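Presented below is the structure to which this report refers.
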Amino acid sequence: MHKPIDECFVNGERFFKWASKASHRSGDHRRDDCSVNLFIDPNGHILYWRKKGYEEEISWDHLFIESIVDVRVGKFAETTYISSQPDLYSQLMTVVTNRDFVHPQYFTFMHKSSAETLKKWADFLFDLSQRRRKEYHGVEFYLLKHLAPLRYPPIPNDIPLASLVRALMPHESSATISQLTKVLLNSPFFNKKEMISKEKLTDDLLMDMFVYVNQRPELSDVFLKLADTKGDNSEPCISRKKFGSFLNSKQRDPRLNEVLHPPPNPKQIDHLMRKYSKSSDSLCFSGFLRFLLSDYCPDLDAKSMFCDKESLHSSLSHYYISCSHNTYLIGAQIVQAKHISTIKHDVTASDVEIYRQTLLSGCRCIELDCWDGADGEPIITHGPMEVTFINSVSFKDVVEAIDECAFKTSPLPVLLSIENHCTVPQQRKMAHYFKTIFGEKLLDEPLREYPLDESVPLPSPWDLRHKILIKAKKPTVKKHFDENMTIGSVGSKGSVASLFQQSLGLHSPAQRRRRKLEFLPSDSGISVISDSSKPDSMGGGSDTDSLSGETDGEGIKSLVEDGDGEDRKRFQLLLERSNKETSPLSLNGGSPLAVAANKNSPLHKTAMAPLDRKISLEITSEQFKKQLKPVQEVETVASELAALVNYLQSKPSAKFDIFDESDKRYFVMHSFSEDAIHKYVMKGRESAAQFTRHTVRQLARVYPSGMRYASTNFNPVVCWMVGCQMTAMNYQTNGLQMQLHETMFEYNGRTGYVLKPRCLLDLSQKFDPRATSLHNVMPETLQISILSGQMLSSLNPNKCLSTYVLVDLYDLIRDTTRNKFRTRTVKRNGWNPVYFDKTLDMPFRFDKIIKPECAFLHIRLMDADNDTELAQRLLPIDKLKRGYRHIILRTAANKPAGPACIFVYINIHFFIFDTQRDLHAAFMDPLKASAKMEQIAVDLTDPFSADNARCEETESEDEFNVSEMVGSGGVAQPTKNHPKLPKSPVKRIEDKFRRWMGFRK
């Protein structure tokens, strides 16, 4: 089923491998810089290399093709440790892998003799890895991948039995391993030899060996119900006819149209029988198991997840768009988050590489927080740096990284969300870099077919292929103030303290009361900017896409008036003490925030005491001069930058009126905090319906709350259910929310654009996310049995596992189900734990899934010892495949963890009320229903002349034979030739009616 790997890659090529960064740090790079032979295995599972050491010993290493996210050549290759030799850049190839977005690894190879050979390897590796990412495979694929490092590297020539068993069953109990070793040693595969030649260990032999040792009691019952037993001691087998019936009745999705998706024909059935059985007429248990492990039975159908080009021609507002929040960060939002959050990150910093990682994953909307840098060069950071203590990266470097990776994995448009804090000269520098680096990729003018006029819809993703769009504000009014205005004289219109307040996400009075953070009084010349367009600055995003919002000038007195009695006392004390400070307001005497932030200041102790945190902010006025600018520059957008904004003109969300439909400018968009969206959803049916109508025509972006200091994520399903196109996620944080986001954008070939369900695009209907039914949406019923787990040992390298499984559902509010369905716990068995007992357990049933499209089933494998999640899998309901399936598990970062899997039986069909089942059956098979009605009419007209032969065939369960006494014991024995006792016509008609109407006696 897979395209074979070209022989030139299987036979290998000579390269020079540069040492890793870690080797250079430890000083081992001279030993690790070496010539290697580079290979790809015949199945395309691993890239491995062989090197010859100083003492003629041969060593090797490898990486999995599926883990490759990028292959870079030339100046984009990893050149950190050979920067002194730029003439070598054209000979370099860097293979990039990752375990999540913030932990990339680099493997750099050099080919001196041929640039053509280097490019050939780079292109092939990247294309192969991208195919692997978009495919869905059975257990057989992942088992062969898991064992590839044991089979293909050049040493040793023979494989020990112990190594094979350890690869299959890592960390199982010694008794289990000994038992498996004994079984294999006495099997025909090893013939009591403890070694096996690599040449003999073919794919088929390896799978036969796996089936031989894999006892599947939960599957044996299924097989025996289908198999024919001949009465002798021969092995039971499934006939071709019954196997075809199994494929059509158990494995085929009843939701599919038989014309567009015909059932397997006899030719296809014969092909499967020949592939998995020695005979084309029957299928034994080992062949049946291999069929269920193969790519013929994947958990999802790759064809249904491929990019559908026909679905990419609607307006941009009709799509969910993969979106990142504060893309430059690889940790928490502020360094101090480690003191106030249980979620820990390895490092909190800005980084250029994560822009590449997010774009390569299919993300189509990324964020750039732009600030003034030294020497007139803009930078990207989470500022002000004096508060967040986060490093900066070059704006130009980020733009070059975007240009390199923007369309490597998806041709659809990339949206740049600009949060602009730069002065006009550096904004001009930004515009210059956009134009010169992006070139024709930059959409600097609207398309001729889609002018920026009222009631003109947005262009489609297909129209904008290979284009980069800028999202920012276009200013309408410029405010002019004295350029010589000092920070201290800004008064109520600008404030150093306001920057500190914004950096902590404290904008509204309710937020300030909640955080208990006080500042100096307004008459001291320092006040709080209350920017209605920035409800959550730490959430990064709202509408700070322009330089600044307007200020209300209310000052700190509003804090006292809004506070409780304790607040007033504390602020009064602050007022008295601030008056006693030596020049706390002048620039010469130090910044007021520096005074308040100084640990040794009594003002700091009073103002910061309620926080009860260990935050050290040593800030000087000179540092703030670099980022706090006169109002004239802060509120002015450079015309060169404003000219680049067209279809993504951002407006303040505070001015957004959900019931005002007078604005017909579809190119205007708004950004909302997650709290605002929850308010629209929960406020009432009218507000939710109206917001959904708004998102049919205009774009909406949702960003995390400012209180998410540790870069946690919100649940994107709540936003999707009211049509929000962009849910900005912190890609650096793994978890359920990010898993939902990534699973959603597996649709449409991971291109980053997914067409919204039709119910969210119908302006004639009022969509209610709390409804129990939706107009023109067919709900579905899902029944799932968690039968067993397979090869779970590889998920935890430290112990023998005790596990159970949880099953959840994410859809609309009414049918979302969490922590309701749980299997039994299986102790100390990571090889093949059986969770389902048919005598005691019932399938998990979701009676009515209201909106199957963009609803998700979540299967979670839990460690019973500490109730932590070992692995998980999210599956889209509308893409589920019916029947017996092995669900390949994934890691917390949503990477495949195969061959570890959960074996399930899925039965899914359209929801039917009990009173309408007969009517539904008639619609599903009208010919059969018509034949039944005709037969009923015939039998009612002349019941005594009914066809006895047909009745006898269809009522075989009610027939009996007259017994014949044989032998002295008088035991009744059935005989085939004895005449049958006929039923009365009335009884026969009565039984027919019962059967036709779905009743049983």
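Yeah, the Cβs are placed from backbone N, Cα and C, and that goes for glycine too.
For the ranges 230-266, 526-562, the feature annotated in TrEMBL as region 'Disordered' maps to 526-562.
The two recorded residues E419 (Ca(2+) binding site) and H382 (active site) have their Cα atoms spaced 10 Å from each other.
Note on the domain 'PI-PLC Y-box' (641-760): mean pLDDT across this stretch is 91. If you take the Cα of E367 (Ca(2+) binding site) and the Cα of H325 (active site), they are about 6 angstrom apart, rounded to a whole number. Note: the CA-CA distance between H325 (active site) and D369 (Ca(2+) binding site) rounds to 10 Å. In this structure, the C-alpha atom of H382 (active site) lies 7 angstrom from that of D369 (Ca(2+) binding site). Residues of the domain 'PI-PLC Y-box' (641-760) grouped by DSSP class, helix first, strand second and coil last, total 49 helix, 24 strand, 47 coil. Packing around H325 (active site) is summarised by its Cβ count: 28 other Cβ atoms lie within 10 angstroms of its Cβ, all protein chains included.
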